[in-house]
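As structure tokens, the structure follows; a few thoughts come after it.
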Amino acid sequence: MKLFSAKAVATTAVMMVGSSAMAAECIAPANPGGGWDFTCRQVGKLLYDLGEVDQPVQITNMAGAGGGLAFAHTVAERSDDAELIVAASSATTTRLAQQAYGDATADQVRWVGAIGADPGVIVVAADSPMQNLDDMVEAIKADPGSVAFAGGSAAGGFDHMKPLMVLQSGGFSDITSVKYIGVDGGADAITQTVGGFTQAMTGDMSEIVGFLESGEVRALAVLTEERVPGFEDIPTAMEQGYDVVAVNWRGFYVPKDISDEDFAMWADKIQAVADSDEWAEVRQANGLAPFTKVGPDFQNWVDQVIADTEELSREIGVIE
Amino acid sequence: MLKSDRIFGVVVVLGAFAYIASALQTPTSFMSDPVGPKTFPVLLGAVAGLCGLIMVLKPDEEPDWPDFGAVIALAISVVVLIGYAYALKPLGFLIPTAITAGILSYQITPRPLASALTGLGLSVGLFLLFKYVLGLGLVPFPKGWFG
Amino acid sequence: MEILSNLALGFSIALSPYTLMLAVLGCFIGTIVGALPGLGPSNGVAILIPITFTMGLDATAALVLLTAVYYGAMYGGRISSILLNIPGDEPALMTTLDGYPMAKNGRPGQALVISGFASFWGALFATVMLALVAPALSRVAYQFGPAEYFALYLLAFSTLGGIASNNQAKAAFASCVGLGISVIGLDNFSGLPRMTGGNLHLMDGVDFLVAIVGLFAVSEVFFFIEKHGKGGAVGVKLNKFRVPWGEIWSTRWTQLRCGVVGFIAGVLPGAGASLGSFLTYMMEKNIAGPEGKFGTGVPKGVAAPEAGNNSAAGGALVPMLTLGVPGSGTTAVLLAVLMTLNITPGPTLFTDRPEVVWGLIASLLIANFVLLAMNVPLVRIFVKVLSVPPALLLPGVTMVSFVGIYSLTGGYFDLLLMILFGIMGYVFRKMDIPTVPVILGILLGSNMEDALRRAMVLSDGEWTYLFSSPIAIGLWIFAVAGFIAPVYFRNKIRKPQAVTD
């Protein structure tokens, strides 16, 4: 699940900071209906249900610039607001790494924690001749135009990067010749692939669960270190000899200037949600794999991810 | 004498050129697609320019433009609305809305008392509607008032 | 009869005094949200997400409430279209073309009732089709690739020439303006911003809600200021109102056709309800020909788009439920709600969770009947809007618009943009430049360009790819026919009254 469309019609229910002074607030930098909105709502609900906060968490939708507006808002207007968390995911770090938020950089906020991850997958229609990643890489090496990918992100986005990383790892260097079309969300990408308009779909595990069950698509690989619980029959890219890990994590950042105690407090609360049985249930129902990193640990991980993304983006020419 | 359509047509042609020029400035990365990001806007600019040219050559009847007084009234309204747009966030909902609605009402039917009442009524009434029926998180007053 | 037992299952879940109460509440909220310019169905559904959580509603109750709001808003959109010439939401755009002239002729009640019945029929047809053939229909989406979508959008634009305007150059110019605006934002293919002038607020493009409210609502206010409240439908002397059974019956074929076409438009994940109402209006206009007097306030002119958009709204649920593809922004929000209730739409939903699907279908049916029952008697109250003094009504409309748009991002930028669109709408209408094509351009422009560019990526720039399937060719034929038909008619008739009065 991700943003269905940046221009989604949806408008938001909540407009501004509420009048009640001490309520925690979660900004979803998108319209209702996307992954960020989901993160805020589910985690916000659990924070309250588990007694981590005294009042229901207020959810604010702040769509704009693919998350850039909320980022700018946090940096410029809320930089010491200890009651604020903002939903983020791989899309956020990818865009930051590609300077898609203007001058904003990742060190203008603090990365407080991740609570789950949507494993990256590469799938084909059930009747595709490709059986594994080797088939796919060989086909592209033979004729780069023969395999077109569909994904839910714009060109240069996270979904686009996944097959490119696999191809790079497989020794194919002319990655700009690989065909990719960005459509409105993962489900749309699957219909294009099942319909035969594209040969493969790149996306997240949660997007393909229903289609896997119905037998319309087949996953070539999941881009995690270990096989995903519940989907043990899908091999990882690493087992197939491609050293690629790409997960769409779900988590939060907080304003830069809050105290270390507040930062640690949020890290603990997020840890508590991640450890709860309720979250395990929600996570499984939505095809997310366990992925918990909080506090400084998460901060370091994000720094590394951004550095890696920047390097790859430069190689494929998204940034100079 | 010059017809409005001719003037407008010239504006459209100039605007179309500006649009095309700005479209040609669009940055491209080297993984671009066969069509590219410029084709569509340039095409649009060309068609729009052509339409502008037709307006210059074959103008319609002169529209009935408002008289000077009405233009002033419209200008005032636009200024007030722009002010409202900026005031809404820092000053809360109630006060800017009452003032703006009152002025607009006065521009439509110039009766001071009725307009003032309209402004007040709309501001309070709509606040109640949005806040309590539709659940929008409107802020009534400037931050800092009433704690 | 499997379907009957399924329906029985659905009603056993969805029908109880409690859920019926929720349905009435949902329909009421939906109608209000739909009628207020700037607030659309997605608003209504979005507003209800937190309410569902705080009220602790179970999945069934939440579904009933939400579908009631969804359909309620689809019904409600027409009210402000007809009474004020301001579309309450974007699918109601086409309803202004004949609905408002009807109101100006003193027949707002009739317009509301006819469109209410058309809405009912459209929604009913779509719901029944949803129940009967949804799983099978989901395959249709597999037949539509970039080339087919491009032809579909082209079809929508090719009929633009038939929009009431006295000057083709001006109609074409208006479409260019809309399309030109749709280009603004992050380019899907290079991932780089286009025509944004470096403004962060423009990265996501211009929201068409901003455009629609500016072009219609704000510019309407300017007109009233210029004329000091005279002219327009407000204050018009109302004819005595009786339910116009004869006129409703006279639109039966229109409603039937539009229900079918709207449903198909809705099933294709694209522009959803707006495309449905647009295609159906233009189709009926072409079928009726010059004698149909479309654009002057004829019953068919209000029945067509309303049957079309309500049917499309139901149709949009097909790809949403069976594929998880939201056909429109509204269904995207509905999809989000389902997911927060731990219901994941997809190809296995109909078999895995029959109680959800049939409960949903039953609640749609309930909502539809509640809405019809609510709408017809309420018409007498709705038309009272026109007796409100303009000095109160128009400022009210303005304030509602501002709040609606303000709720998009909570900043001043969209508001300024809306005022700009208001000035543009005022000038355009003065100069007899139609504003409907501007909205359509914004609404469909980026979809059309994206489809074309996707097609070209897949075919390595080979143009013949655009005609490579029977569906694509069929749509191209309709597009060409749709383009030529109005030109052919135009030679035979006087111009219809312009919408831009």
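Even glycines carry a Cβ here, placed using N, Cα and C.
In TrEMBL, annotation is done automatically, which means it is predicted and not curated.
TrEMBL lists C:20-440 with the feature domain 'DUF112'.
Per TrEMBL, transmembrane segment is recorded for C:7-33 (among others).
Under the heading transmembrane segment, TrEMBL lists C:45-71 (among others).
Annotation comment: TrEMBL describes C:111-134 (among others) as transmembrane segment.
According to TrEMBL, the feature transmembrane segment maps to C:169-186 (among others). Residues 157, 160-161, 163, 192-196, 202-206, 211, 428, 431-446, 448-449 of the same chain lie 6+ residues outside the transmembrane segment (C:169-186) yet bring a C-beta within less than 8 angstroms of a C-beta in it.
Sequence annotations record features per position, and here TrEMBL assigns transmembrane segment to C:206-225 (among others).
Within its own chain, the transmembrane segment (C:260-283) has Cβ neighbours under 8 Å at 74, 90-95, 97, 122, 125-126, 129, 137, 140-141, 144, 149, 152-153, 155-156, 159, 162, 294, 301, 304-319, 323, 325-331, 440, 443-444, 447, 482, counting only residues six or more beyond its boundaries. As annotated by TrEMBL, transmembrane segment applies to C:260-283 (among others).
The feature transmembrane segment is assigned by TrEMBL to C:323-344 (among others).
As annotated by TrEMBL, transmembrane segment applies to C:356-383 (among others).
What TrEMBL records for C:431-448 (among others) is transmembrane segment.
What TrEMBL records for C:468-489 (among others) is transmembrane segment.
Touching of the transmembrane segment (C:7-33) and the transmembrane segment (C:356-383) is concluded from the presence of at least three CB pairs under 8 A, sequence neighbours closer than 6 excluded. Counted over residue pairs separated by six or more positions, the transmembrane segment (C:431-448) shares fewer than 3 Cβ pairs under 8 angstroms with the transmembrane segment (C:111-134), which leaves the two as not touching.
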